[in-house]
Amino acid sequence: METLESELTCPICLELFEDPLLLPCAHSLCFNCAHRILVSHCSTSKPLESISAFQCPTCRYVITLNHRGLEGLKRNVTLQNIIDRFQKASLSGPNSPTESRRLQPQRPYTATISGTIAGTIGGGGGTSGGSARGSPATSSHSHNHANHANHTNANHSPAVVAKMDPRISCQFCEQDPPREAVKTCVTCEVSYCDRCLRATHPNKKPFTSHRLVEPVPDTHIRGLTCLEHENEKVNMYCLVDDQLICALCKLVGRHREHQVSSLTERFDKLKAYQVSPGRVSDAVMEASKTSAAQTLENNLTNLVKRNSELENQMAKLIQICQQVEVNTAMHEAKLVEECDELVEIIRQRKQVIAVKIKESKVMKLRKLAQQIANCRQCLERSSALITQAEQSLKENDHARFLQTARNVAERVAMATASSQVLIPDVNLNEAFDNFALDFSREKKILEGLDYLTAPNPPSIRDELCTASHDTITVHWTSEDEFSVTSYELQYTIYTGQTNFISLYNSADSWMIVPNIKQNHYTVHGLQSGTRYIFFVKAINQAGSRNSEPARLKTNSQPFKLDPKTAHKKLRLSNDCLTMEKDESSLKKSHTPERFSGTGSYGAAGNVFIDSGCHYWEVLLGASTWYAIGVAYKSAPKNEWSGKNSSSWVFSRCNNNFMVRHDGKEMLVEASLQLRRLGVLLDYDNNSLSFHDAMNSQHIHTFEISFLLPVVPTFMIWNKSVMILSGLPVPDFVDGVSDLQEQQQQQMGLCRQESPYLTGMKTCH
């Protein structure tokens, strides 16, 4: 009976066929299931009536429909009759599968369709050993309810693992209130009491494959729904798109040709790869190393690292907050102390000034009182004389008047003459009118009371800075000159590191010049042709702040032509800066360093360069045959420069320009009007470049792995050339050098000697 029942089961709904259709491929399908397949293809732009074909879920054969749609397919009447007889035979027992199905709640369409895809996941989908959860193929056990429940409890998905609620009610009971549930069927998504469980889940297929777990809330067993098919639960994982899908997506959707896996299998692989990679076998590890697992693991690692960084950052912030509290309390106490001291100073000064005012008052009043007393005495004497004179004038007796008048007149004349002496001078300053209390300046100072802060960062003025071959004068400005007590200059050789903050924190070779009072300073004893990084620190009692870094460079090493190296047919000027071809043979002593070969009319500079970046120019004049470059000390002196592995030159032979090294020549483009040749030797970055200095054009660059110090070399075969050395690197040359340096840093490649083309035209 069980074998017969499986033959009569629809591959879509996993129920006995109902109104089966006979497909052209000889398979059968429920009419309603076929209709659901057509509905899944519908959209707003594609109505149901316009669908003219679908695939057989069993063999993937394309079924073409006519204008009648599903009604145009034949009914499988024979199969329907067999099903009817099977159902009648099954009604003989109360626990028959048919009766149980009648009592069982209708399962969602997603759960039933997943059984159909079991074979597809294992075969057509491309994965082995996987099947959709909830299908009969997922379970190979057919035992009693207890064993089945124990098995499912040990293997159910994490979505079902939840806090158990002991008061979950049966969802199938008809009595009120319902009885307490004893099991939850994950397949049915329903919780049952013991009686309803025995009635709906007999110990027969297909119910033995249902997954029974301890009672869980209904919300815990509802899975995620599909984004493309409404109300369909996801139960598969597309390995191609790394996406959760439902059974309809695999059956009739855009994932039907994709490789898929069951959720359980996918979960186990990801979990095994991430949580315990050391405890699984190599085969499992290899199988689980998918892009999703690697991405998830990397993201998890980054997230854990980020969390750790955030925790450290938060701990630092908390520590800073605590320090802010401590510092704030300290500064508040200091503020009160300082203000109290100011108030005490003002109080003391008030007392002192008040005492001075009182003393001045007493002294001035004493002087004024003396003056008043003097005035009073003079006034009394004058009043008595006036009275006597008036009485004399009233005398009518001539004899008596004449007797007293002369005496009175002499006294009045004497009093009048001495009036200026008798009347004391009044000093207006004694009135205290010119005494004033003016505290306006002090008030402004008090109004400007504030806590002292570190000075603003100074700014290095690149346009004002100057350099020689061994010195650099740094100029800077500061907005807080009056609050700055001193400056500190720090500098080091620039190594090409672009992160100045990291350079500032990591470099252990910084030179420090402290206690600078001016806004400029000259640093001596620097390497020629070398870039330096400079910082200026402004300092006061509250702290210090650094300027932005400035890159400054010393000029190139100055040099002259070495007479001891000049060929005997070359004549050097007195200043050893000009060399001229002189056919007359001069008597010069032979030395090992002198150019001596036939046609090797050359001379070398008087310096050997083993570091830095140096630039010099050669005034070519009317010369049309020359070779200019650098060479090791060991380079042969009896052959042309560039003919050996120890020299590199730029050469002109009449109208041809070329570069030469190790006997290999390569033509380059240059103007026939080339009159000033610029040479840039960047020893630290292993490059030698040539430039048209008048037209600001780059000609060629050698990439050289320097092993020994090099010396500038010059060869001419006609006319004369003049050397200009110790020059700053021009902007157009410095820009090319910086670009090449950045490219080298990005590529991280070691420069090697460049191979040059052979077979080029050679001047003889």
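Even glycines carry a Cβ here, placed using N, Cα and C.
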Of 153-187, 258-292, 293-327, which range does TrEMBL call coiled coil? 293-327
For the coiled coil (293-327), provide the mean pLDDT of the predicted model. 88
DSSP helix, strand and coil counts for the domain 'RING-type' (10-60)? 13 helix, 12 strand, 26 coil
